[in-house]
Amino acid sequence: MPHHDQLHRYLFDNLAVRGELVNASATYARILENHDYPAAVRALLGELLVATTLLTATLKFDGDITVQLQGDGPLKLAVINGNHRQEMRGVARLQGDIADGSSLKHMLGNGIMVITITPKEGERYQGVVALEGDTLSNCLEAYFMQSEQLPTRLFMFTGEQDGQPAAAGMLLQILPTQPNNVDDLTHLSHLTTTVTPQELFTLPANEVLYRLYNQEQVTLFEPQPIAFLCGCSRGRSASALMSLPPQQLEELLAERGSIDIHCDYCGSHYLFDRVDIDALRAGAQPDEAGQLH
């Protein structure tokens, strides 16, 4: 399925609107792989992945973007982190039961969406918007109006295809050079509402665009690959341990005999016993393939 896990950008030759189409199904499956989330949380994480991937296309520099949902409901946190290379990871944290079909409001309660853009060079930007919409799409559209004053429409779908998790979506946005030209967006949004999850999950981008916009002149650009990437490593885990006060390390070792660091994103475990800790204190470098001894 070569068209999967790709981000496509496109422009309309005669309309002041830009578009994006993404299928991130394999990446979505990888994010869910080591977790047993309720169905409603799985679906929300898929939408959040699609949304964050679409947002990475707006980055005009090397850097990261994080879209985070947090609230006082049973779903305390849902977050997706991506970068300009469309390398993605994500996780959710729950306290309490979440029924199938639960709405955004039921899951998060009184919540906010925090979008953080961190360039490798320059200042970090953070935007916060209350989760007042019925869907994640509604909340993101409100964010674009609030932060960039650009009317935007999002179409996001999650589900299964051939027994595997599937996540895909589309974005339409008025070009910044013509922010008041809402008629073009309204026209194209009406056409785009006819797209089905099955089409986005299974068809190449050019075929989807032809089915939707065959009366329009569309320029489709080269796709960008999307992939799951977790930045954890034994070395980073060792550095985190060495940042703890020595007394706290001793207490952990005395209590447990060893320290097991678990990565919520990818499910990896990094085990450090007393020999490892003593070697790290002596300046040894952790072996990425295993323990120090």
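We number each residue from 1, going along the chain as drawn.
Glycine residues also receive a Cβ, built from the backbone N, Cα and C atoms like all the rest.
What Swiss-Prot annotates here:
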- Cys230-Cys232: disulfide bond (DISULFID)
- Cys263-Cys266: disulfide bond (DISULFID)
Quiz item: For Cys263 (disulfide bond), what residues in its own chain, 6 or more apart in sequence, show a Cβ-Cβ distance under 8 Å?
Solution: Cys230, Cys232, His269, Tyr270
Quiz item: Within the chain of Cys266 (disulfide bond), which residues six or more apart in sequence place their C-beta under 8 angstroms from its C-beta?
Solution: Asn34, Arg89, Phe228, Cys230, Cys232
Quiz prompt | Neighbour count (Cβ, 10 Å) for Cys232 (disulfide bond) | solution = 18
Quiz item: Around Cys230 (disulfide bond), how many other C-beta atoms are within 10 angstroms of its C-beta?
Solution: 19
